[in-house]
């Protein structure tokens, strides 16, 4: 039997084996195996199946859906580049080679993922941080407000109302459950009458009384109320006021007992009891848990390393901050035992202890550290008596005689004579201290001071301050010729001793000398070091910057010395002479300016501006003949110079020498016939009332200079003055044909048409001007104002919007736009204007006017100052500033504005030019024009 048994019996069939397939046998199924056919609506055998699985049809649908889910080959799941999104072979068998391929792909993916992992994570981190910055969490947005909750007091917390829940309030809180306490007046009235009332007056129920019997027993006998005493008639009334007084008396008795106690430091001041309690509240802002952690950590540090001074100091300060001062003192005293050689621990102990105890601590510290300067200084600070301080410091100097700090502290307490004696000993003990040598030199006489400084130079040959002090000493005693030698010798000696000459440090020393009044020393230092370490081609630029820096530091003599040295090196540079002249004009005297200008024109005779500055200085001083002689010399050096001709004409006309001015202009027209010369000729005749001569000169000038717009303007204005509207219109039109880009000509023609009532024509002229001159703020501004003056505010606002689109950076337009808005919107408009034109004077002036209109006087004055500082040439800003000070300032403030305006000599501004160029005001000074313009301003903005 065993021999016939096949070896494969009982073994598992190989993979893919089908029984009988080798001999051609195939499996089949008969209907009897399946059973009779069933309808789709027939129930299945499982009668407990859930809905959707109870019929044969449901089972078929489910199996069909499962087959469909195997492979989703719909067009929506197909991509032209990647193919089907799902796996096409997901329904196939998953074999070993598939598993191996998946493992290889997974390894590749992992390898590729690790290649740039750090860079990718860094980028993702930065993106997340950027996202969090742009869109912070609500928690982060309110973090600063949450910090402020620490400032809320307990009373404010208690006063915060409960939020509650308003939903279903009627159902949750029915009216019959509301209890109302009986007022004291009810009991008082009841006791007075001595009667038992078991009902309430209807009027009391009407005004918040009881509609139902009180649950506590008002209709029934009150618990304890019917016993003899409270409800007994005539037993007296319940006085709440006396109960309160008794309670206060009891509190006073207790506080008196405590205050009378002398058994220790528990004596309490009854009046300051609550104040003392408030002062005992810890002032730290940390969390209690954080303090506990810090205390444990510091305790661990102290135990592991008890000889580490910072651990004891930190522990004491932690306890001090938390309000446990005695614990802090105990800790730091323990620290002095463990670290007796630590200065910091002893000083901290002295700081924490009260006065007398601190002195004892310092005395103990001195025994352990007899060479500690800081402890001696602290000991002197603890003494209140000057004699005691001196005694402590002298004792300290016996132990530490080479301490400069101790010598300085001791000298400060002495009288001058004693200080001199002490300093003579100090320089012996500390021969390398420059401060002690200089202090001794200041206290000595002139001869002794020279000896002291010589000794100081021998002991400290590398310090520049000794040399500078020696120079100042010689200057103070009138020996100015030695100052230059000392400074030169100082530079030589310091270089010989290997000291690098630091130019910036020497300039700072010179500025200090200037502020101390040592002018000669300051100038000598500047001359000695100004050229050190500078390339030859950079000298002029660097020196001008140095001069500006000195002026900014208010070291005027230093700046004057720099200019003098620069003029020696560059005697023919007009720009240097000009800078020096402007410096003398702003910070010097008239005499120094004129002396400088005389030297300037001698070196630069072709510089017209220097001649003109000299002539103007003489004219302003009232010396007209000297001004004439300067201009005569200027004519010799600059023949046919237009500027000098016109300056001479102005000089004569301002001094009412009209015939001389006419002759000068006639000569100028023949020798230097320029457009400006003709214009000044017309202007002179016009202001003198000779309109016929002015027109003739104007016609003659236009034959030669027809493209000069000011001549056409003057011709039209003269015609307007004579009320010849047609001729004026013709003059303006002819001028615009020759000068189509002249904005003032367009404005004059438009205003002429508006003046005669031709609003439509004026509007058309401005539209035409804007077409020929695009992006011109002045034309847009006039168009807006034209509509506003006509009462068409909506059209004016629309035009302003278009103007700001075309000229978004025009300060003139933005300043006008602010006041076109209604009052509530003006502040928003001003913010927009400042964003676009932050440094435009017109916008700053508009903001100042806005604050003025809101009666914010301080802010308005600040913005006026900003405006005139940014552009001092804007006359309108000065006029508004002066008007503001007339209404809200003092006499000194008004005079200050007027003085600054006269120094600035403004030439621009709409209101300013309209007044200053008026024929009636042609001889007015700057201050007079300022008053006239301010009078024209109506602060109705």
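Even glycines carry a Cβ here, placed using N, Cα and C.
Note that the structure is predicted; figures quoted are calculated from it, not measured.
Over in Swiss-Prot, the protein carries these features:
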type: MOD_RES; residues: 143; note: phosphoserine
type: MOD_RES; residues: 180; note: phosphothreonine
type: MOD_RES; residues: 266; note: phosphothreonine
type: MOD_RES; residues: 275; note: phosphothreonine
type: MOD_RES; residues: 279; note: phosphoserine
type: REGION; residues: 1-79; note: region 'Disordered'
type: REPEAT; residues: 384-416; note: repeat 'HAT 1'
type: REPEAT; residues: 418-444; note: repeat 'HAT 2'
type: REPEAT; residues: 588-620; note: repeat 'HAT 5'
type: REPEAT; residues: 855-887; note: repeat 'HAT 9'
Under DSSP, the repeat 'HAT 2' (418-444) has how many residues in helix, strand and coil? 22 helix, 0 strand, 5 coil
Sort the residues of the repeat 'HAT 1' (384-416) into helix, strand and coil with DSSP and give the three counts. 24 helix, 0 strand, 9 coil
Taking residues 6+ outside the repeat 'HAT 9' (855-887), which of them lie with a CB under 8 Å of any CB in it? 839, 841-842, 844-845, 847-849, 893-894, 897-898, 900-901, 904, 906-913, 916, 929-931, 933-934, 937, 939
Counting each residue once, how many in the repeat 'HAT 5' (588-620) are helix, strand and coil under DSSP? 27 helix, 0 strand, 6 coil
The number of other Cβ atoms within 10 Å of the Cβ of residue 143 (phosphoserine), counted over all protein chains shown, is 11
Report the DSSP secondary-structure composition of the repeat 'HAT 9' (855-887) as helix, strand and coil residue counts. 27 helix, 1 strand, 5 coil
